[in-house]
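Listed features, source TrEMBL:
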| type | residues | note |
| --- | --- | --- |
| DOMAIN | 7-350 | domain 'Kinesin motor' |
| BINDING | 84, 85, 86, 87, 88, 89, 90, 91 | ATP binding site |
| COILED | 389-438 | coiled coil |
| COILED | 614-712 | coiled coil |
Ligand SMILES: Nc1ncnc2c1ncn2[C@@H]1O[C@H](COP(=O)(O)OP(=O)(O)OP(=O)(O)O)[C@@H](O)[C@H]1O
């Protein structure tokens, strides 16, 4: 399987000066991939993978992330994060400018959001939209006609609580984070939509964006006050040659911006709380990045904030991660800019190992998940089919049959069968979504992937009427119809019970064997029974009539079992008070009831033990999960340490090699110098020798001359002198003649 080790990619984007920047002098200077930030005393210089100036276009920024987005279609996970102080351009980078004109900025804080009027959708301008919409368009373009299913979800983390942006605009249902061996970390009950077209995905993105918490702050009229994560999950529909299905997810995060306490202005309580939560979660993100980069030893504090916990398996762990740090050029924000660059510097050092994600098509868990999901979707669908509620019991029966059918298709499915299951699943989801669009269902748990909702994770059994009821919001139409159905079922149960009693020759009122107070003979009873069988019971001549009984039953939880108990209790009461003959039977019954109670209490005890055991097992499982989690964290830490060690060794090796090279060069130069010096020395020696030889020669000459001179007499000297003088004279004469 493809596997690469790479650095976390870090880019800086500088936004242009805005009217809101009161002092318009720049403290940021760019030169290729180097950025300089200067205040009156210091100049900080840093280099990054890429720097986008205020003139850079949205398209240029997308192109930087394009290969990672394309990797998602090949099975590589990807996370793109925008980080920076408030008002520095994160939302502009992730969503875009066109986006803002489609979602006009509110001037007030939407505490209880009134839905904004939805403008008629304008065509997206690809030059203006940000990374998220462009990635969606690009992803759909490159996966067109590929056998893939694309899911999307959209959440916000506001005040350390997670909300579904597509289902919960009022933020009244915070969602928990769960972790499971197979599904990894996920948000329970988060809606996951199957999207077939880019336009549908964009539509959902816009819907969700409208539900995001925004507030007007000192530095941004339309400041995002929550972190958002738009997640796209891609799953292959067809297995490859190795029988594996592709599976990759892309997280597109627009973080809320850090903000300083406004000492001059007035900050409302909510604003302060938001600010503290945002700053706290960003600090934790900083700590996690620091730990991942190997700068701090030990524990990675993923669990300290919802943001880092959610991104635990999507941040630098088997995920191509791109960080776009946004800054403002204005000198007034220099402190925030330096903090952002410091964060980016740490992120630069994080190493990531990414591998292609594949899952075996015949993997037991996948098959089981698909089967469960199909059942869940079918049960929801059948509940929503028009007119289907009247004969709900028939539908439940049909679902039970379906359950049996699916159970029979046990684990040994062929790849083709799994592919068919996947298609069925997709079809059902789309059918459900179209029902939701038409407004036939108001239930918010409608689009929750079966495997991601707690009720269904626990068991794969078909829901009974009570479970079906619990799926539906109280107050909705479906709920009231089901209530009616439940009442009807209860009435029928009472009827059939009474018919049963009367056919045994007992009085339907006091349930004693006739003759009793109400009926003297079976003849009288049979006359009375006839209408009872079909419509209603004969009215009790003395005290209890049908309606009272039914009311009684209703107040006692409306179940068949309770109906039996109440009927019995009524009978006993009547007979005890008014018919002493019934006392013996009553005592017998009382004994039976006592036994029943004992058995029941035993059962309660047993179920308590069972519950205790389950709780213990659950705790053990949880502990095991936590241990596993810790182990995994240790492994990651070890991997990071190992990576850093290798990095350090490699850098040392490089340094050594460079040192060796320099040394070799120096040795070579030294040798050459020595050689030259030796040659020069040799030359000098030779010169010296020559001078010595010359001098020796001169001495020899001198000595021979001296010897000659010693032998020459005074007369010979005079003669020689004369001769010389004569020679000189003649030469002078000849020269004067010549003149
Ligand atoms: N590169 C850019 N080109 C032009 N305008 C920009 C650019 N970046 C940001 N802006 C403008 O700056 C303002 C603030 O940007 P934005 O809302 O994206 O900031 P933010 O970092 O998301 O802030 P917050 O954290 O408060 O939500 C917006 O009006 C936006 O249009």
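Glycine too: its Cβ is placed from the backbone N, Cα and C atoms.
Residues 15, 82, 92, 220, 257, 326, 328 surround the recorded ATP site, their Cβ atoms falling within 8 Å of the Cβ centroid of 84, 85, 86, 87, 88, 89, 90, 91, which are themselves excluded. Candidate binding-site residues: 85, 88, 91. Those with a Cβ under 6 Å from ligand 1, in sequence order, are 88, 91. For residue 84 (ATP binding site), other Cβ atoms within 10 Å of its Cβ number 28. There are 24 other CB atoms within 10 A of the CB of residue 89 (ATP binding site), with all protein chains counted.
Per-residue confidence over the coiled coil (614-712) averages 89 (mean pLDDT, predicted model). Within the same chain, residues at least six positions away from residue 85 (ATP binding site) with a Cβ under 8 Å of its Cβ are 219, 257, 258, 259, 327, 328, 333, 336, 337, 339, 340.
For residue 87 (ATP binding site), the number of other Cβ atoms no farther than 10 Å from its own Cβ, over all displayed protein chains, is 25. In the three-state DSSP scheme, residue 90 (ATP binding site) falls into the helix class.
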